[in-house]
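Asks: Sharing a structure below in structure tokens format, with a few things to ask.
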Amino acid sequence: MRSRSSTRIPVPLMLIIRIALTLSCIRLTSSLDGRPLAAAGIVVTGDKAVDIYTSSQTGSIIVKLLPNMPKDKEACAKAPLEAYNRTLTTLLTPLGDSIRRIQESVTTSGGRRQRRFIGAIIGSVALGVATPAQITAASALIQANQNAANILRLKESIAATNEAVHEVTDGLSQLAVAVGKMQQFVNDQFNNTAQQLDCIKITQQVGVELNLYLTELTTVFGPQITSPALTPLTIQALYNLAGGNMDYLLTKLGVGNNQLSSLIGSGLITGNPILYDSQTQILGIQITSPSVGNLNNMRATYLETLSVSTTKGFASALVPKVVTQVGSVIEELDTSYCMETDLDLYCTRIVTFPMSPGIYSCLSGNTSACMYSKTEGALTTPYMALKGSVIANCKMTTCRCADPPGIISQNYGEAVSLIDRHSCNVLSLDGITLRLSGEFDATYQKNISILDSQVIVTGNLDISTELGNVNNSISNALNKLEESNSKLDKLNVKLTSTSALITYIVLTVISLVFGVLSLVLACYLMYKQKAQQKTLLWLGNNTLDQMRATTKI
């Protein structure tokens, strides 16, 4: 059988072409235009990039807590180092014991292993209650057991080195970096200097620095007395332990400098202690860092609402707090799966909800389609700063301008006032003085009024009031009904008795019978009359014919 030539495009190339065609059909994302919405009490406060992440990258940082002194200065630093060593052991022994109990719980197989595992967790938690997060942390600790054992196998060489930071790769299944914040101090102060220091000064310097580091360790592990092995360490705590050397590990894990500051603020970089050795004062921490994917065509837009003035009172716009826009599609974004930073939104999944046509039209700039709720009270903050200018409801608060002096009044029916440096340089609101530097250009809509049909009831108190009005209307209707019943009761009861009703029915039937008979009789008489008319007409015609015949003769 002859083979046919194939013209199929390879799968990777097909995917690239499909992606390119898809992107070419999607218009580049532009943030929501807040200029037509500001005067309606809807303020766009900012945008954030939307990223997808998964916590898949792990590495280990080995903290060398006890520094190695130069040989010629060991005697001078012996006393503070011994005191520091004893304090370290006292502080971190509960942590090491907790880690060992959990890791040793996997030595038994089957159901007994599961019971020992849960028992070890509960034994490490105050009040005997283990949360799901603590059980997850314990599972991660079990998985890192082999890596911790490999690190302990190298503990002597790690403790003996004078390097402040170096990679440890011998026999380890994941990236590990040994760091020593105190070793860095010793290297900077004593190893790399030609200055001669007396023994007393060396003792003082080492003692002060060790005490400061102990304070940081107490700050890191102090809140973990109840469950020291199951509480994740924050990125701030990790930096306290490792100093600036922490950046080396994060860079090795693939965290770029452009993402580092944002990820630090997100709290997604965490660490869990996996080992502590009191002999060499080695502390092992497993670092979890997210793997981040950028969604270049998506951003989150944050919206805030002001209490605006309407003819029905104060009200606020019914719009989502966060929306996302891709091309011409605008949908509400659920941020419950996301971690926020100043510039980014890191999400494990993207969940959006479609908006009603009215809200979509409202956010697109058609303020007459916006709906408002009478749920804002008089104590709600009636102003908001936006790019050096102020949007304020000057009917709820006094907008006092100090430069030039005067009171800014809000026109009747106007929802809010847009105040910039052209109308006031220094503005006072509720005792707060603001110097304005921004401006609302001609693209901002002003003097927007909210119609009565745009204000609806959504608050519990307002709904209760409306229900009260409905109840009053029902009560009035019941009163009218009772009044009607009382008037009916005054009528003659005999007229409405059963015998009277029977009499009425009989008379009605008789009347109908007489009516039918009369109709039949009338029809008969009309028929008879027409028959007589036909007879007379026939006789008349015959007589006329006879007379015509006689005349001809």
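Each residue, glycine too, has its Cβ placed from N, Cα and C.
So Swiss-Prot says this about it:
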type     : residues : note
COILED   : 142-170  : coiled coil
COILED   : 466-491  : coiled coil
CARBOHYD : ASN85    : N-linked glycosylation site
CARBOHYD : ASN191   : N-linked glycosylation site
CARBOHYD : ASN366   : N-linked glycosylation site
CARBOHYD : ASN447   : N-linked glycosylation site
CARBOHYD : ASN471   : N-linked glycosylation site
LIPID    : CYS523   : S-palmitoyl cysteine
REGION   : 117-141  : region 'Fusion peptide'
SIGNAL   : 1-31     : signal peptide
TOPO_DOM : 32-500   : topological domain 'Extracellular'
TOPO_DOM : 522-553  : topological domain 'Cytoplasmic'
TRANSMEM : 501-521  : transmembrane segment
Asks: Determine, using Cα-Cα distances only, which of these recorded positions is closest to ASN447 (N-linked glycosylation site): ASN85, ASN366, CYS523.
Replies: ASN366
Asks: Restricting to the chain of ASN85 (N-linked glycosylation site) and a gap of 6 or more, list residues whose Cβ falls under 8 Å of its Cβ, or answer none.
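Replies: Counting only residues 6 or more apart in sequence, the Cβ neighbours of ASN85 (N-linked glycosylation site) under 8 Å are LEU66, GLN281.
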Asks: Count the other Cβ atoms sitting within 10 Å of the Cβ of ASN447 (N-linked glycosylation site), across every protein chain shown.
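Replies: Other Cβ atoms within 10 Å of ASN447 (N-linked glycosylation site): 12.
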Asks: Counting across all protein chains present, how many other Cβ atoms fall within 10 Å of the Cβ of ASN366 (N-linked glycosylation site)?
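Replies: Counting Cβ neighbours of ASN366 (N-linked glycosylation site) within 10 Å gives 14.
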Asks: Between CYS523 (S-palmitoyl cysteine) and ASN366 (N-linked glycosylation site), what C-alpha distance do you get in Å?
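Replies: Computed Cα spacing between CYS523 (S-palmitoyl cysteine) and ASN366 (N-linked glycosylation site) is 73 Å.
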Asks: With DSSP as the reference, give the number of residues of the topological domain 'Cytoplasmic' (522-553) in helix, strand and coil.
Replies: 31 helix, 0 strand, 1 coil
Asks: For the coiled coil (466-491), what's the model's average pLDDT?
Replies: 70
Asks: Would you count the other CB atoms within 10 A of the CB of CYS523 (S-palmitoyl cysteine), including those on all shown protein chains?
Replies: 10
